[in-house]
Amino acid sequence: MNATQTQNEDGETVRFDGAALKLDCGVTLETLELAYRTYGTLNKDKSNAILICHALTGDQHPAGDNPLTGKPGWWTQVVGPGGIIDTDKYFVICSNVLGGCGGSTGPQSGNPETGKPYGLDFPVITIADMVRAQNLLIDHLGIESLFCVIGGSMGGMQVLQWAAAHSDRIFSAVPIATSARHSSQNIAFHEVGRQAILADPEWHGGAYYATDAHPRKGLAVARMAAHITYLSEAALQRKFGRNLQDREAISYGFDADFQIESYLRHQGMTFVERFDANSYLYITRAMDYFDIAAENGGNLAAAFNGTATRFCVMSFTSDWLFPTPESVNLVRALNAAGANVSFVEIESDKGHDAFLLDEPEMHATLSGFLQAAAQARGLENGGRDD
Amino acid sequence: MIDPKANAAGNLAADRIDLQLIADMVAPGSKVLDIGCGDGTLLELLVKQHGVDARGLELSQSGVNNCVARGLSVVQGNADTDLSYYPDNGFDTVILSQTLQATQRPHDVLREMARIGKRLIVSIPNFGHWRVRLDLLVKGRMPVTGTLNASWYETANIHLCTLTDFTQLCDVLGLSVESCTTLSRGKAKALPGRTTRRANLLAEQGVFVLTRS
């Protein structure tokens with residue numbers, strides 16, 4: 001297998017050629033491209049690398065500015081120089097997931113057999129496939145063992161997959177607001193989103209790339225429905241209540257009378273500017289298929305038996321998409337496996353999205369855990385060579 | 001945040017000197033579970049002074065968060081319900097300091113501890129202490145002492161016992177008392193035997209080391 005590195009305006013891309021990636025579905029991707037960003041410097045021992053795994057609609061730009069949009073990265077609260085994940089100390093890596101639309105191989109990539117974009121000919125991928133792809137990247141960067149793998153939501157699923165399948169390569173793991181399996185309710189919400197995309201005539205059976213069409217309305221509705229699941233009832237009430245949008249009274253029509261309607265419409269509209277509808281189908285499917293226990297005869301603990309990885313599990317009180325009992329279930333399995341695990345439930349009314357927001361208690365927890373792990377790894381200098 | 005220069009022992013509250021005593025009973029480098037680890041004072045002693053692979057279980061969420069932010073490995077959980085998730089012989093030593101009396105089913109907690117750990121260290125307040133006896137005898141009131149400092153209606157201590165009661169329970173559960181150290185007025189005293197009638201009258205606390213018989 002060959003690896004070719006290219007530098008782009010929005011980061012780096014590595015291209016693997018020659019039976020690059022064998023997928024769970026049985027298909028082998030001959031060519032795999034991964035778009036990624038790195039921050040900070042890898043130390044001599046190559047022991048200070050942290051992999052950040054992004055969520056469903058995230059990208060490879062957690063820190064600094066996103067070079068494409070000019071807006072701040074999605075996790076600047078946590079990642080950056082002097083930050084909790086200090087890029088002055090650690091070498092931070094983040095790659096766009098397999099199946100994504102941020103430059104990594106996905107349904108909009110060229111199908112080598114036809115020369116046209118894959119569309120629905122792209123094979124169905126899993127979280128394990130995403131993590132296999134990340135393993136290739138870590139190999140390519142010459143790193144044997146990561147100091148930490150961190151991620152929230154679908155990023156947390158990738159963290160757990162790393163811990164279950166490649167625990168010898170990760171010293172510590174921080175799965176946040178996540179679960180070892182996608183729940184029935186979560187699959188249900190994803191199905192609503194997918195059906196909205198499939199019902200949009202602009203979708204053209206997934207082959208919309210050759211036309212000017214993009215199933216904007218379907219994808220926007222999918223985003224609107226999903227966005228509700230990322231917030232809590234309390235946060236919605238606090239932020240919007242029953243406030244009216246730019247009007248004194250209700251209009252007796254179906255315009256966006258309420259602020260919450262206007263907000264959701266805005267969320268939907270801006271989302272379609274930055275996300276590919278087919279990617280949304282494939283990535284939500286990967287999350288639905290995720291079930292670590294099922295791959296171990298229904299025994300979640302068996303997935304982590306004998307692991308030397310240090311875990312820090314976090315959940316949020318108002319997160320009803322990945323509620324605390326999911327994390328408790330995971331923590332019990334990790335305890336049964338004899339793992340070194342910390343578990344904190346953070347008091348917050350911000351719902352699932354809390355992990356992306358300013359949550360001092362989460363930041364204190366993450367900071368304390370990383371410092372103790374760095375000490376245990378002999379990174380007293382924080383990983384720098386000086 | 002952990003201040004590496006801070007001596008955790010120096011900050012021990014006067015009523016928790018059992019913690020240093022317990023820490024000194026643990027073999028360096030061993031694997032330890034502290035049930036009801038509170039703010040993590042004992043865990044920190046174990047990690048810093050004895051290089052122990054120490055884990056904690058704590059009921060109060062604020063206690064847990066505080067511990068993890070200080071770099072300690074602690075999970076939120078309940079001694080009465082969550083010990084069953086730990087594997088057999090998973091730990092060299094399992095510690096229960098000043099917590100047994102607050103559990104719903106102390107005998108089941110001890111049974112689970114004996115399954116999880118090869119060695120148990122249990123510290124309990126002594127309800128046979130003379131001041132406790134005197135309060136009840138003379139004043140006719142539920143005792144409130146330095147160790148048992150809450151009124152009956154707000155105390156978390158729902159299963160109090162004397163040192164003699166405790167050793168009798170150990171017999172019932174098939175646990176041998178390897179040693180018993182008593183604490184009174186900040187002074188520790190190692191007893192030659194399991195416990196004595198004198199100790200049961202004079203000790204404010206007892207620290208027991210137990211193994212499966």
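Cβ atoms here come from the backbone N, Cα and C positions, even for glycine.
TrEMBL annotations: computationally assigned, not manually curated.
These come from TrEMBL:
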DOMAIN    A:49-357  domain 'AB hydrolase-1'
ACT_SITE  A:Ser153  active site, nucleophile
BINDING   A:Arg223, A:Asp353  substrate binding site
ACT_SITE  A:Asp319  active site
ACT_SITE  A:His352  active site
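Projection of TrEMBL feature records onto the structure.
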residue	record	DSSP class
A:Ser153	active site, nucleophile	coil
A:Arg223	substrate binding site	helix
A:Asp319	active site	coil
A:His352	active site	helix
A:Arg223, A:His352: which of these recorded positions has the highest Cβ count within 10 Å of its own Cβ?
A:His352
A:Asp353 (substrate binding site): tally of other CB atoms within 10 A of its CB:
22
Just to be sure I understand: of A:Arg223, A:His352, A:Asp353, which recorded positions have a C-alpha no more than 10 angstroms from the C-alpha of A:Asp319 (active site)?
A:His352, A:Asp353
Using a 10 Å cut-off, grab the number of neighbouring Cβ atoms around the Cβ of A:Asp319 (active site), all chains included.
29
Taking 10 A as the limit, how many CB atoms besides its own sit near the CB of A:Ser153 (active site, nucleophile)?
27
What Cα-Cα separation, expressed in whole Å, is found between A:Arg223 (substrate binding site) and A:Ser153 (active site, nucleophile)?
16
In angstrom units, rounded to an integer, how far apart are the Cα atoms of A:His352 (active site) and the residue listed as 'active site, nucleophile'?
8
Report, in whole Å, the straight Cα-to-Cα distance of A:Asp353 (substrate binding site) from the residue listed as 'active site, nucleophile'.
9
